[in-house]
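Visitor: I grabbed these lines from Swiss-Prot:
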DOMAIN    1-141  domain 'Globin'
MOD_RES   Ser3  phosphoserine
MOD_RES   Lys7  N6-succinyllysine
MOD_RES   Thr8  phosphothreonine
MOD_RES   Lys11  N6-succinyllysine
MOD_RES   Lys16  N6-succinyllysine
MOD_RES   Lys16  N6-acetyllysine
MOD_RES   Ser35  phosphoserine
MOD_RES   Lys40  N6-succinyllysine
BINDING   His58  O2 binding site
BINDING   His87  heme b binding site
MOD_RES   Ser102  phosphoserine
MOD_RES   Thr108  phosphothreonine
MOD_RES   Ser124  phosphoserine
MOD_RES   Ser138  phosphoserine
Amino acid sequence: VLSPADKTNVKSTWDKIGGHAGEYGGEALERTFASFPTTKTYFPHFDLSHGSAQVKAHGKKVADALTNAVAHVDDLPGALSALSDLHAYKLRVDPVNFKLLSHCLLVTLACHHPAEFTPAVHASLDKFFSAVSTVLTSKYR
């Protein structure tokens, strides 16, 4: 459960990311594919090479979904219901992949914003990404 302090940390960090969210989403997705090659199996139709326009575009979709989740942090199930359906019923993404991408998002954000990435912010973002992952996998049960 996200505390009020966690929500503040997540919102303020996301505000600082600003217009870079799509860029960071693409970078985190590319990092996920490089670090965890099994995640590539869901994208056989993508050019997965470094700097791929398809990876960047999908990373932007991920970032846009997270931006929506930040804006609706008090109702993540409502905000992410359609994405949960998509990933559970149509794409059938293995739930572990959300944890892997979350880790790579944390690494990417820490690389770009080291001064702001305090232990408290790290913990809050980790809890937020975990909450998002939980919602996205809730329809699997």
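Note: Cβ is positioned from N, Cα and C throughout, glycine not excepted.
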Visitor: Cα-Cα separation of His58 (O2 binding site) and Lys11 (N6-succinyllysine), in Å?
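Guide: Here the two Cα atoms are 22 Å apart.
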Visitor: Please identify, among the modified residues Lys7, Lys40, Thr108, the one with the smallest Cα-Cα distance to the residue listed as 'heme b binding site'.
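Guide: Out of the listed candidates, the nearest Cα belongs to Lys40.
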Visitor: Is it possible to list how many residues within the domain 'Globin' (1-141) are helical, extended or coil according to DSSP?
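Guide: Per DSSP, the residues of the domain 'Globin' (1-141) fall into 114 helix, 0 strand, 27 coil.
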Visitor: If you compare CA-to-CA distances from Lys40 (N6-succinyllysine) to each of the modified residues Ser3, Lys11, Lys16, Ser102, which comes out shortest?
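Guide: For Lys40 (N6-succinyllysine), the closest Cα among Ser3, Lys11, Lys16, Ser102 is found at Ser102.
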Visitor: Least buried of the modified residues Ser3, Thr8, Ser138, going by other Cβ atoms within 10 Å?
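Guide: Selected from the modified residues Ser3, Thr8, Ser138 on minimum Cβ neighbours within 10 Å: Ser3.
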Visitor: Would you mind reading off the Cα separation of Thr8 (phosphothreonine) from Thr108 (phosphothreonine), to the nearest angstrom?
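Guide: On Cα coordinates alone, these residues lie 20 Å apart.
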Visitor: Just to verify a number: CA distance, Lys11 (N6-succinyllysine) to Ser138 (phosphoserine), in angstrom, no decimals.
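Guide: That separation, Cα to Cα, works out to 24 Å.
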Visitor: Rank aside, I only need the closest one: which of the modified residues Lys16, Ser102, Thr108 has its C-alpha nearest to that of Ser138 (phosphoserine)?
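Guide: Nearest in space to Ser138 (phosphoserine), counting only the modified residues, is Ser102.
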Visitor: Express the distance between the Cα positions of Lys7 (N6-succinyllysine) and Ser102 (phosphoserine) as a whole number of Å.
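Guide: Checking the Cα atoms of Lys7 (N6-succinyllysine) and Ser102 (phosphoserine) gives a distance of 17 Å.
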Visitor: Under a criterion of Cβ-Cβ distance under 8 Å and sequence separation of at least 6, what residues of the same chain contact Ser124 (phosphoserine)?
Guide: Leu2, Ala5, Asp6, Lys7, Asn9, Val10, Thr13
Visitor: Which chain-mates of Thr108 (phosphothreonine) that are at least 6 residues away have a CB under 8 A from its CB, listed by sequence?
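Guide: The answer is Tyr24, Glu27, Ala28, Arg31.
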Visitor: Can you give me the Cα-Cα distance between Ser102 (phosphoserine) and Ser3 (phosphoserine) in Å, rounded to a whole number?
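Guide: Their Cα atoms are separated by 19 Å.
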Visitor: Could you state the whole-number distance in Å separating the C-alpha atoms of Lys16 (N6-succinyllysine) and Ser3 (phosphoserine)?
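Guide: Approximately 20 Å lies between the Cα of Lys16 (N6-succinyllysine) and that of Ser3 (phosphoserine).
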